[in-house]
Amino acid sequence: MELRPWLLWVVAATGTLVLLAADAQGQKVFTNTWAVRIPGGPAVANSVARKHGFLNLGQIFGDYYHFWHRGVTKRSLSPHRPRHSRLQREPQVQWLEQQVAKRRTKRDVYQEPTDPKFPQQWYLSGVTQRDLNVKAAWAQGYTGHGIVVSILDDGIEKNHPDLAGNYDPGASFDVNDQDPDPQPRYTQMNDNRHGTRCAGEVAAVANNGVCGVGVAYNARIGGVRMLDGEVTDAVEARSLGLNPNHIHIYSASWGPEDDGKTVDGPARLAEEAFFRGVSQGRGGLGSIFVWASGNGGREHDSCNCDGYTNSIYTLSISSATQFGNVPWYSEACSSTLATTYSSGNQNEKQIVTTDLRQKCTESHTGTSASAPLAAGIIALTLEANKNLTWRDMQHLVVQTSKPAHLNANDWATNGVGRKVSHSYGYGLLDAGAMVALAQNWTTVAPQRKCIIDILTEPKDIGKRLEVRKTVTACLGEPNHITRLEHAQARLTLSYNRRGDLAIHLVSPMGTRSTLLAARPHDYSADGFNDWAFMTTHSWDEDPSGEWVLEIENTSEANNYGTLTKFTLVLYGTAPEGLPVPPESSGCKTLTSSQACVVCEEGFSLHQKSCVQHCPPGFAPQVLDTHYSTENDVETIRASVCAPCHASCATCQGPALTDCLSCPSHASLDPVEQTCSRQSQSSRESPPQQQPPRLPPEVEAGQRLRAGLLPSHLPEVVAGLSCAFIVLVFVTVFLVLQLRSGFSFRGVKVYTMDRGLISYKGLPPEAWQEECPSDSEEDEGRGERTAFIKDQSAL
């Protein structure tokens, strides 16, 4: 019995070698698809296909259709005559042919770019393998062709000689000035050069004798001018939602202040733009948002306090120096997914790219330079497989990133054997590995979301608090998860000095994520209000079992606070089973890559599969959807599972007012069908028993005291405080006047009729601030009169 797997492996390997040898010798290799001519329209073709166990992949043109059969070997040296004969005997079939695999090669001849600065782009062409392996992707023929990237920043110099050839006006807009032109505003200090620099990293034109090359040098590049003015929630949302069925990738190298004390993230509109982007962008495959993790390392900042990099919808990218070290500006956190190269110390090279005023620079720096490099690599990967979803891309990053050559003292092995670091995520992006894996990638199962309320009552944090909870990851429910992607700890807590807190989350498989490290500059007493700390470190782990939350006071001070809410939110996928046969999946029309685009009646499209019931968090809706053919993008109307509004748990539609149920932290308004978040102050107290009635005279006394104390005590205290301050001021004033020889006779302290304050009884030299005193007595008098002037001004 032990030999059977080996025998199967040997047989499979032998068959593969035979096919390869036959292909090399020019023999025909038959596939499991047929081209069939059937007059009468798609309905007749579908009927014939179903009758004989075929699936109609769609109309080729005219009366010609593309049939597929799952029971036929995908590649064979001989045709499948029984299936062919039965189909041929069908009277509606006028012609058919089993399709033969043909050898086709791209006519690109790969040569290294000839641009003058290319040899200095060490991160693309490293001689010691310390690079992003981009040339391996280029050698496979992928240069970003057909992919559109937009830089959300301070504009893009669209007429730059190294950008103009790839500039895409459809991926550009000026949100600051409300016009289509993203040209940056020029200043003497070149303040608005950031976006142009980022754009060159992605798609600088190759072999034009100018500067260097972009990672995806045949991609289309655009820019959104949105940072050169007031940045509001509306500005961010408009930028994130620009032309989502044209733009594939959005690259952003900005965020809240990296000062080590700010906790901030996207507001309502921007959060909605993210959600709409991943659920509706790219025809439902999801927009890809690439984000720089932050430059607050010197301030001991944490990128988990940045709600943009901490979002499950963004692909957060950190930096490594030329020699593979953690840069001084880098922030460590558990939401970072991967790393690219950037600047480091003075003896390490920086990034070469386009610069403002049609120039070139060799000194682009920070995580601002890392995110565009990642966007370029993702563009190469999308060219290899345009059907990748936004979550597919994150899976590819996790599976192909390389920890090698990166130095850090916190590398750990998670529960599925992958190395992961808070400084680097899963390691350096590998462009060659990503495009190779993407070509035959199978779309991940639909995302599931499991919400678990952990706390039943508030808990005192003290010096150290540990909360343990064993969970089943929604076992027995439609949203049961067995393979984890993102995990969030949504915390509400109070603390007198937030920066002294360190928070960790330990998964059932033992992976310990640092959700928050101590931030010495954060003196805030605001705590956290339903803040979602996110970790990617347990990717692909089984989330069932005991989770442990650790909250620790890292200082010696006797700090105090209370944890009032802890919700564990798990995102992942269902158990992997056998693939559903396409004939019984409810799919009506597939693309050439066998991705479903139209479902039969009674089914809705969800993540390229047809389902009779949309999963929790989605509702059926008829929408215009887009899918890519070989040469174009087609628009069709189809029933799809549209995501609920971000505030709803379940819904009957995508609008804010379509909620059917709410998350645990919100309540449903049955009239407006909206979910409103509950605050601590708005929650009703439990009913209490009525106290026994007191005698009338006692009750009257209590009413008298209650009427005086609760309602008037603040006013009384405020009045007494003001009177005391005035008394102290008058006393000090009089004492100083007496010490100065002040006389009360004939004093006129001030006049207000001309808006002036004139002092009497003071020597004239007291007002001559520029004149030096002739004696210590005059100096003392000058100090005192200065004090009086200050107090009078008050």
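Glycine is treated like the rest: Cβ placed from N, Cα and C.
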Among ranges 151-154, 219-222, 315-318, 759-762, whichever one Swiss-Prot labels region 'Cell surface signal': 759-762
Disulphide pairing with Cys360 per Swiss-Prot - partner from Cys198, Cys211, Cys587, Cys596: Cys211
Of Asp233, Asp301, Asp355, residue recorded by Swiss-Prot at the Ca(2+) 3 site of Asp258, Glu331: Asp301
Cysteine from Cys303, Cys305 that Swiss-Prot links to Cys333 by a disulfide bond: Cys303
Record-annotated Ca(2+) 1 site (Swiss-Prot): member among Asp115, Asp259, Asp264 besides Asp162, Val205, Asn208, Val210, Gly212: Asp115
Positions on the same chain near the repeat 'FU 2' (638-681), where near means CB under 8 A and six or more residues out: 271-272, 275, 279-280, 284, 451, 453, 490, 492, 530, 564-565, 567, 597-599, 603-606, 611, 614-623, 625
Helix, strand and coil totals (DSSP H, G, I; E, B; other) for the domain 'P/Homo B' (444-576): 3 helix, 70 strand, 60 coil
For the repeat 'FU 2' (638-681), the number of residues DSSP places in helix, strand and coil: 2 helix, 19 strand, 23 coil
